[in-house]
Amino acid sequence: MTAPTGTSATTTRPWTPRIATQLSVLACAAFIYVTAEILPVGALSAIARNLRVSVVLVGTLLSWYALVAAVTTVPLVRWTAHWPRRRALVVSLVCLTVSQLVSALAPNFAVLAAGRVLCAVTHGLLWAVIAPIATRLVPPSHAGRATTSIYIGTSLALVVGSPLTAAMSLMWGWRLAAVCVTGAAAAVALAARLALPEMVLRADQLEHVGRRARHHRNPRLVKVSVLTMIAVTGHFVSYTYIVVIIRDVVGVRGPNLAWLLAAYGVAGLVSVPLVARPLDRWPKGAVIVGMTGLTAAFTLLTALAFGERHTAATALLGTGAIVLWGALATAVSPMLQSAAMRSGGDDPDGASGLYVTAFQIGIMAGALLGGLLYERSLAMMLTASAGLMGVALFGMTVSQHLFENPTLSPGDG
């Protein structure tokens, strides 16, 4: 779709030091954006005390963030469709930088919320362009590996970024944590401007983007997006209350609870590079295996939730289910986004934008449904997650053609 200068060598040497550096910059962009997005999670109490508001009110920052991102993604992606891809990415990172600076200096909750809105507006734009940029840096046969390299940054944000900002908020205050994120975002924006090719669209490519795009009429893309929304909803129904699940369902408490949470994140970090090659060579099989594992993990946790006693065996089984959940929830995301981009044809950015919107709707729906079911019982909440994952798995199984890679020969997929 684009013609970046100086990338012709990638057809023969896809993993040159230059390409590795460019992909690393993209991973850093994903890392800093996700770290900024979830910064309030580890600083809820600190923000509430400092701004003299309730913890519940601070918690709504995450819900409003997802809502703004869901509403603005598709219009913003269409409006910027004619921009060079590097410009769209850098503008997103600059907006992130400004939003974090506004947050750090916010005198009250309203200003803090306004800063978060600015960050949320360009959230969808960044996630719509970052994976397509990565795939354009390498040959089509390496697109899956390029996409998963970005998700390493996402996993690191959960394993390193969020705990680090939480610790900084506790020790030195949440404003300093926001200042550090501001500086890191500015550095990544500069690195992206210097390291990435401009990626200007050709005249013939402009015919398929922006207002001319008809992704909502693309049945293949719509199906991928709907299945994504169902799966993400199933995940977030329970993920919001994962600490409670570990404590009351698995039966792990105290310091071991923190270690199991860390294992959840590390499992996701490890799984991403492991699925990179299968995603390129066997995309259909990879996504089915991933969704089967997620469904099994939630089914096992549901069975444990209906049990009445905690034993060493149930703790061991529950621990395995939590780790499997962490590994596959992270691994499946690049699989689904890759399928969405392939479905978009000549406009992978626009297709990715629709995918991001579906993802954000899934986050909101999952959090809302999870809150309603949590008030009734953990068992019902986990049953809903298992059921939604099962529905998504069934849909993906009967529609495996959605995940085919057209660059592969029939024997490869």
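Note that Cβ sites are derived from N, Cα and C of the backbone, with glycine treated the same way.
Residues annotated as transmembrane segment in Swiss-Prot, with sequence analysis given as evidence: 23-43 (among others). Beyond its flanks by at least six residues, the transmembrane segment (23-43) meets 58-59, 61-62, 65, 89, 92-93, 96, 99-100, 119, 123, 126-127, 130, 133-134, 137, 146, 149-154, 156-158, 161-167, 169, 174, 177-178, 181, 184-185, 188, 191-192, 195-196 of its own chain at Cβ-Cβ distances under 8 Å.
The transmembrane segment annotation in Swiss-Prot covers 55-75 (among others) and is backed by sequence analysis. Long-range neighbours of the transmembrane segment (55-75) within the same chain, counting only residues 6 or more positions beyond its ends whose Cβ lies under 8 Å from a Cβ of the stretch, are 37-38, 40-41, 44-45, 47-48, 109, 112-113, 116-117, 119-121, 123-125, 127-128, 353-354, 356-357, 360-361, 363-364, 367.
According to Swiss-Prot, the transmembrane segment annotation covers 89-109 (among others), on the basis of sequence analysis.
The list of residues near the transmembrane segment (110-130) in space but at least 6 beyond its ends in sequence, with Cβ under 8 angstroms from a Cβ of it, reads 26, 29-30, 33, 36-37, 47, 51, 61, 64-66, 68-70, 72-74, 76-77, 80, 85, 88-89, 91-93, 95-96, 98-103, 150, 349-350, 352-353, 355-357, 359-360. Annotation source Swiss-Prot lists transmembrane segment at 110-130 (among others), citing sequence analysis.
Residues annotated as transmembrane segment in Swiss-Prot: 150-170 (among others).
Marked as transmembrane segment by Swiss-Prot: 176-196 (among others). Outside the transmembrane segment (176-196) by six or more residues, the chain places 21-22, 25-26, 28-29, 32-33, 35-36, 39, 43, 86, 89-90, 93-94, 96-97, 100-101, 103-104, 133, 165, 168-169 with a CB less than 8 A from a CB of the stretch.
Tertiary proximity for the transmembrane segment (226-246) is limited to same-chain residues at least six positions away from its ends with a CB under 8 Å from its CB atoms, namely 252, 257, 260-261, 264, 291, 294, 298, 301, 305, 318, 322, 329, 332, 336, 340, 355, 358-359, 361-363, 365-367, 369-371, 373-374, 378, 381-382, 384-389, 391-392, 395-396, 399, 402. Summarising the annotation, Swiss-Prot assigns transmembrane segment to 226-246 (among others) and lists sequence analysis as the type of evidence.
If you look up Swiss-Prot, you'll see 256-276 (among others) marked as transmembrane segment, on the strength of sequence analysis.
The transmembrane segment annotation in Swiss-Prot covers 286-306 (among others) and rests on sequence analysis.
Same-chain residues lying 6 or more positions outside the transmembrane segment (312-332) and placing a CB less than 8 Å from one of its CB atoms are 151, 154-155, 231, 235, 239, 242, 245-246, 249-252, 260, 263-272, 274-275, 287, 290-291, 293-294, 296-298, 300-301, 304. Here Swiss-Prot flags 312-332 (among others) as transmembrane segment, drawing on sequence analysis.
What Swiss-Prot records for 353-373 (among others) is transmembrane segment, and it gives sequence analysis as the kind of evidence.
Nonlocal intrachain contacts for the transmembrane segment (378-398), taken as residues 6+ away from its ends with a CB within less than 8 angstroms of a stretch CB, comprise 223, 226-227, 230-231, 233-235, 237-238, 241, 244-245, 248-249, 287-288, 291-292, 294-295, 298-299, 301-302, 305-306, 369-370. Among the features that Swiss-Prot reports, transmembrane segment is placed at 378-398 (among others).
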Same-chain residue ranges lying at least 6 outside the transmembrane segment (286-306) that approach it to Cβ under 8 Å: 231, 234-235, 238, 245, 249-250, 275, 278-279, 314, 317-318, 320-322, 324-325, 327-329, 331-332, 335-336, 339, 377-379, 382-383, 385-386, 389-390, 392-393, 396-397, 400, 403
